[in-house]
Amino acid sequence: MKFGKKKEKENLENIEKDKDRDKEKEIKEKEKKDKKSKDKKKNQEIEKDNNINNNNNNNNVKKVFGGSLPFLFEEELPTILVQTIDYLQLFGLQTPGIFRENGSLASIQSYRSLYDNDKPVNFPPHEAHVVASLLKAYLRELKVPLCTFEHYDMFIACESIADEKVKVELLKKVIAHLPPFNRKVMKYIFSFLQKVVENSNVNKMTPDALSIVFLPTILRPQANTDLEILQFTVEDSKSTKTLMSSILLNYDEIFEDPNLFQPRTRQARAQTDFVSPPSSQNSTSSSSYLSSKNPISPRSPIGSSPNFTTASILSALPPPPISPILSSNTTNTTLPPPIITSSIDDNNEPSLSPRIITTTTTTTPSPQPTTTTTTHRLPPSNPIPPTPTSNSQSQLYPNLPPPSSDPIIKSTTTPTLNSQSQSQLYPNLPPPLPDKNKCKLLPITPITTNESNTLQPTTPTSTNIPPLSIPPQIGGNSDSNPISPTKNQSQLPILPPKPPSLTLPPKPIPKIPTILEYENNVRQRSNTTMV
């Protein structure tokens, strides 16, 4: 019994010890968790401070990729442009497919990070395609492209001009409107691209190929997404196909102009002098078209028809005298209302009646007023010309009969012309037809022709037509002919007899055996089998 009680006590003690150990472990774990949470908070605070410091440092450092070009009046070119173009002039001018083939993405991203963090970059001599694609990425990711968004439509408009000289002049104007630093960078890039084109026999990069590959990095429209930019570039690729070639082939004329890099005045900046001049063909055609047009006469008053003869009449008149100019003069002119009379000239046109108009001018220094008389020809105010009189009708139409005196008959009936007047007016008309009442019908007689080809009337004569002859019979009498004779007791010819037909004799009819014969045949067969 004692032994059992001791074991129970030991077990109870062990259980209590285990409980104490578990409590200690829980306490230690809580302490560890508290320490970890405190450490995390400290680390987060430290990271926040570091991020703030890094952001301040990054704000001071300009981003290379995805940024913008330097200030307008800065003289130094970007380092990435200078390093990449210098490298490509040494190792990329004779590499085939330069700017067309892309380099490895990993090396491009490593160089991008170096440029963004403002660290030194060294290119190995065998990475021409990587450096070329790095240069394209820098120009493509600028916030504002080298040829700005505002000038995109201007460059596209230059491409649509067929005359090369006019196109070059317009390109010079458009490039002159770019910001000064953009012009400087553009000249630096195109001087390098001109060397690439000179080695096109080796690198296979012609101006047209460069316009397809390199031009979208410089010239692009303003869009929100990359898909829109691609869509615009594909649509405008046909219009910008020869733009790069026209700039490269005329590099000296465009970029070597001393007026290109001169600072523009405020007036020049305020003026919008970019107006697309017409091409040579269009200009000549328009000038010839304008010169061929007749001069337009001054317009007649409101409600009147346009009179095209007033221009020549007014131009032939002498100009009115001009009074001498006096200092501190005050003039008062009075024009009376014009009196217009219309008449018909020889050419059947309404003429202008001259009207003498007096203008009185009074000047303060001179006590006596000066009067000047000028004659003006005013156009008719009525749009419809007046009806011609009898005299004018007789002059224009001398062959017409005189008008009737009765006004009612004049308005209702029209004058009729006699045969004599018709023959005088229209000599080529045929003679008039006779009246039907006066015409009589004549008997119709037959007409025959003589040997002398003269038509003479003859009487009808009876002619005896001989009967048809029937050939004689070829053999046999009339009795043997099966065909009946005709009404004229004439017989038709007899056909030859048919040849005898080759016929076989008829087959004999087989005899049907009787019952006795059938039994005899059966007996004979049975006897033969038994033997």
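Quick reminder: no glycine exception, Cβ is built from N, Cα and C everywhere.
Residues or ranges marked as coiled coil by Swiss-Prot: 4-51. If you look up Swiss-Prot, you'll see 7-50 marked as compositional bias 'Basic and acidic residues'. Per Swiss-Prot, compositional bias 'Low complexity' is recorded for 51-60, 276-304, 324-344, 358-375, 417-427. Under the heading compositional bias 'Polar residues', Swiss-Prot lists 446-466, 475-491. Under the heading compositional bias 'Pro residues', Swiss-Prot lists 494-508. Here Swiss-Prot flags 67-255 as domain 'Rho-GAP', drawing on sequence analysis. Here Swiss-Prot flags 1-60, 266-304, 324-508 as region 'Disordered'. Residues or ranges marked as site 'Arginine finger' by Swiss-Prot: Arg100.
Per-residue pLDDT, averaged over the coiled coil (4-51), rounds to 80. Less than 8 angstroms from the CB of Arg100 (site 'Arginine finger') sit Met205, Ala209, Val213, each of them six or more residues away in the same chain. Across the compositional bias 'Basic and acidic residues' (7-50), the DSSP tally of helix, strand and coil residues reads 44 helix, 0 strand, 0 coil.
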